[in-house]
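Asker: Grabbed the feature section from Swiss-Prot, which reads as follows:
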- 8-28: transmembrane segment (TRANSMEM)
- 52-72: transmembrane segment (TRANSMEM)
- 90-110: transmembrane segment (TRANSMEM)
- 208-228: transmembrane segment (TRANSMEM)
- 241-261: transmembrane segment (TRANSMEM)
- 277-297: transmembrane segment (TRANSMEM)
- 298-318: transmembrane segment (TRANSMEM)
- 352-372: transmembrane segment (TRANSMEM)
- 391-411: transmembrane segment (TRANSMEM)
- 446-466: transmembrane segment (TRANSMEM)
- 497-517: transmembrane segment (TRANSMEM)
- 619-639: transmembrane segment (TRANSMEM)
């Protein structure tokens, strides 16, 4: 093993571990303030680490540590260049700096460093046209989001009379509303919320898999951090319509993301849309906390805030594991198309187990990392007594339905990804020749899988982090949250659940079934090995198996009005008769409907304007001087 990949991975893990340590100090210690005046003109760099910043710093570092270990073996297989290897730890450091920033200037600097570093990593394989297209989409979307954040925070700093977060004064309701909308657009773009998600299913599949894990499990969380820090903490507690806006954006993102994931055939694209779904659930929980607090239901508001924080931890664990497992499959086969995979359970058993753990966590079912957080969210919604408030009475049942439908569709999407991609027989020679990932890649996945199991059966271990992070929200400060332990109890709601007991019961039942099956097997005669019945055909072929496309076809048909699939059927008739078919070719593709209806017309209009500007480039110096003179006249008239 060469020194370069080892050094890059070790440095990335080291930066991640350091981030975890510093983040925990910020969460459980006093607020730490560091000011370095000479690093930036006029304002300097101002670091102020509190509980909320410490939570996100520790979470980011916890993702980076196993990804760095995974990176060592991944680089050996994929041969990343020196520039990406050097930028990965810088990307992690920039992400750690974002929640530590204590001033608007420092925050904007860290945010832009994070964006530039991630763009360089997305373009690691820039020789391919798909990568260049994804990089362009990501660059445009992230810079448009940055402009919205820049304008919003500059307006906030000017109205609040300070560049530092701690020194911001009260601002009028009009400024609060404007800053809320601008920052929701900017941070929502980074979090992949609908309709600002268009970059995510393009950039994540084309980026190297360790980078995809960092972006999807850590970077998108910082979009949520921006919403929490500025909209819900510094500007909060917000009015009722803020909560309704977050509920609407979160619910739409959750449903649209999981619908696209359920019909996606590209494994990494499926996981990218799953990120949009989970960011939507977190945003929905934050909106519920804001709405409930405005109506005086502080108990459900506190539980909803805790659900959002816990789900961020769970998503970071299972999504980093899922992208690392998908990267192992890609490195072993060169494929992301589920229709060409299969049979990996025998060839890559460890990777199969790891992806299964991640898929279970993404489903939100018992024994999965996301179960407890989604259970908390549902409990907060169904126990929010509406009283005489018609808004709460209308929105909470709808929100419960959104969470339930998103969970069901997520089960379908992850069942498809695991069953089609890893079980059955190989559908291509590449899948048949697959081999298990190297030890360092398996070690990184094992760490993330261990975190998923801990969150599934013992959320007690992260309870202090969740309590302290949730308590930073004004909506959750009126009630002390103490219900997250070995048994998750909600005293104000007469609800409880014991994930550890559920795990023990399932394990005991599985052992009992295994013992009974072994006992019955011993009493039976030895089974005979006979050819598998092929329904009258000569032999079974891989074409007779379900594919990802056929698995998703019922959902595609039910939600056709939303997904807008493009379907084409071509029938080739025999020479003897046009009533007899020799071949029937069925093609279907599901593009992003929002991208086609919203972004494609905008891109077309921009291209048309660019063509008009190109025609103005005639090469005539006299015409260029006339343009300049006209511009000067316009400036003089406007500035008069």
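One is the number of the first residue shown, and numbering goes on along the chain from there.
Cβ from N, Cα, C; glycine included.
For each feature listed, report its degree of burial, its nearest neighbours and the pertinent distances within the displayed model.
Answerer: Beyond the transmembrane segment (52-72), the same-chain residues lying 6 or more positions past its ends with a Cβ under 8 Å from any Cβ of the stretch are 1, 5-6, 8-28, 88-89, 92, 95-96, 98-101, 210, 213-214, 217-218, 221-222, 225, 228-229, 233, 309, 312-313, 316, 320, 324, 327, 440-441, 443-445, 447-448, 451, 465, 468-469, 472.
Cβ atoms under 8 Å from those of the transmembrane segment (90-110) belong to residues 12, 15-16, 19, 22-23, 26, 33, 40, 42-43, 45-49, 52-57, 60-61, 64, 68, 117-118, 121, 146, 149-150, 153-154, 156-157, 163-166, 211, 214, 218-219, 222, 225, 229 of the same chain, restricted to positions at least 6 beyond its ends.
Here the transmembrane segment (208-228) has Cβ contacts under 8 Å with residues 52, 56, 59-60, 63-64, 67, 70-71, 74, 78, 80, 84, 88, 91-92, 95, 98-99, 114, 118, 121-122, 124-125, 149, 183-184, 186-193, 200, 246, 268, 271-272, 275, 279, 282-283, 286, 308, 312, 315-317, 319-320, 323-324, 326-328, 330-331, 472-473 of the same chain, all six or more residues outside its ends.
Among residues of the same chain six or more beyond the transmembrane segment (298-318), those with a C-beta under 8 A of the stretch's C-beta atoms are 55, 59, 62-63, 217-218, 221, 224, 275, 278-279, 281-282, 285-286, 288-290, 292, 357-362, 368-370, 372-374, 376-377, 379-381, 383-384, 448, 451-452, 455, 459, 462, 465-467, 469-470, 473, 475-476, 478-479, 481, 483-484, 490, 492-493.
Sequence-distant contacts of the transmembrane segment (352-372) (same chain, six or more residues past either end, CB-CB distance under 8 Å): 274, 278, 310-311, 314-315, 317-319, 321-322, 324-326, 329, 344-345, 407, 410-411, 413-415, 417-418, 421-422, 442, 445-446, 448-449, 451-453, 455-457, 459, 484, 488, 497, 499, 502-503, 506.
Beyond the ends of the transmembrane segment (446-466), by six or more residues, the same chain brings 27-28, 55, 58, 62, 65-66, 69, 306, 309-310, 313-314, 317-318, 320-321, 324, 353-354, 357-358, 360-361, 366-369, 371-372, 481, 484-486, 488, 499-500, 502-503 to within a C-beta distance below 8 angstroms of the stretch.
Within its own chain, the transmembrane segment (497-517) is flanked in space by residues 366-367, 371-372, 375, 456-459, 486-488, which lie at least six positions past its ends and keep a Cβ under 8 Å from the stretch.
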Asker: Compare 8-28, 241-261, 391-411, 619-639 by their Cβ pairs under 8 Å to the transmembrane segment (277-297) and return the stretch that comes out on top.
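Answerer: Per the Cβ count, the answer is 241-261.
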Asker: Would you kindly list the residues that approach the transmembrane segment (391-411) from elsewhere in its chain, counting only those six or more residues past its ends and only Cβ-Cβ distances under 8 Å?
Answerer: 240, 244, 247, 251, 254-255, 258-259, 261-262, 274, 277, 280-281, 284, 288, 291-292, 295, 297, 362-365, 374, 377-378, 381-382, 384, 555
Asker: By Cβ distance under 8 Å, which residues at least 6 away from the ends of the transmembrane segment (8-28) in the same chain are close to it?
Answerer: 49-51, 53-72, 75, 85-86, 88-89, 92-93, 96, 99-100, 440, 464-465, 468-469
